[in-house]
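Encoded as structure tokens, the structure appears first; notes follow it.
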Amino acid sequence: MEKVTSIFFVLLLISSCLILRSQGQFRCKSVAECDSRGCRVGTHVICNEHHICTCAHGSPIGGQCDGVEDCDLSGCPPNSHVICDRIGGNFCTCVPN
């Protein structure tokens, strides 16, 4: 009986974790733990201050764009800025200042 109870508890714990993850409530420590497939074009995945994976405005560097307003403006190093490279195929990229 005790073994059955232990197995039931473990299965319950696993299923509750899967349900939380499927609802976007998966707790993360970094963006590498998040699944970006749920984000639309013009957004990028982040691990927010509450440690929950979510989508934020702006395509990441290398992501699709129609204009610079579609890009994540904080994605470049300090000595460069973001552009939407429409000549090279409509993607966000960094160029030196």
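Cβ atoms are placed via backbone N, Cα and C, with glycine included.
For 1-24, the entry in Swiss-Prot reads signal peptide.
Annotation source Swiss-Prot lists disulfide bond at Cys28-Cys47 (among others). Within the same chain, the residues at least 6 positions away from Cys28 (disulfide bond) whose Cβ sits under 8 Å from its Cβ are Cys34, Cys47, His51, Ile52, Cys53, listed in sequence order.
Marked as disulfide bond by Swiss-Prot on the basis of similarity to another entry: Cys34-Cys53 (among others). Neighbour density for Cys53 (disulfide bond): within 10 A of its CB lie 21 other CB atoms from the protein chains shown. According to its DSSP assignment, Cys53 (disulfide bond) is in a strand.
For Cys39 (disulfide bond), applying a Cβ distance below 8 Å and a minimum sequence separation of six or more within one chain yields Val45, Cys55. Reduced to three states, the DSSP call for Cys39 (disulfide bond) is coil. The annotation disulfide bond is assigned in Swiss-Prot to Cys39-Cys55 (among others).
When secondary structure is read from DSSP and collapsed to three states, Cys84 (disulfide bond) falls in the strand class. Long-range neighbours of Cys84 (disulfide bond) (same chain, six or more residues apart, CB within less than 8 Å of its CB): Cys65, Asp66, Gly67, Val68, Asp70, Cys71, Asn90, Phe91, Cys92, Thr93. Taken from Swiss-Prot, the feature disulfide bond applies to Cys65-Cys84 (among others), supported by similarity to another entry.
What Swiss-Prot lists as disulfide bond is Cys71-Cys92 (among others). Annotation note: Cys92 (disulfide bond) sits in a strand segment as assigned by DSSP.
According to Swiss-Prot, the feature disulfide bond maps to Cys76-Cys94 (among others), an assignment based on similarity to another entry. Under the DSSP three-state reduction, Cys76 (disulfide bond) is assigned to coil, being neither helix nor strand. Cys76 (disulfide bond) is surrounded by 19 other CB atoms, counting those within 10 A of its CB over all protein chains shown.
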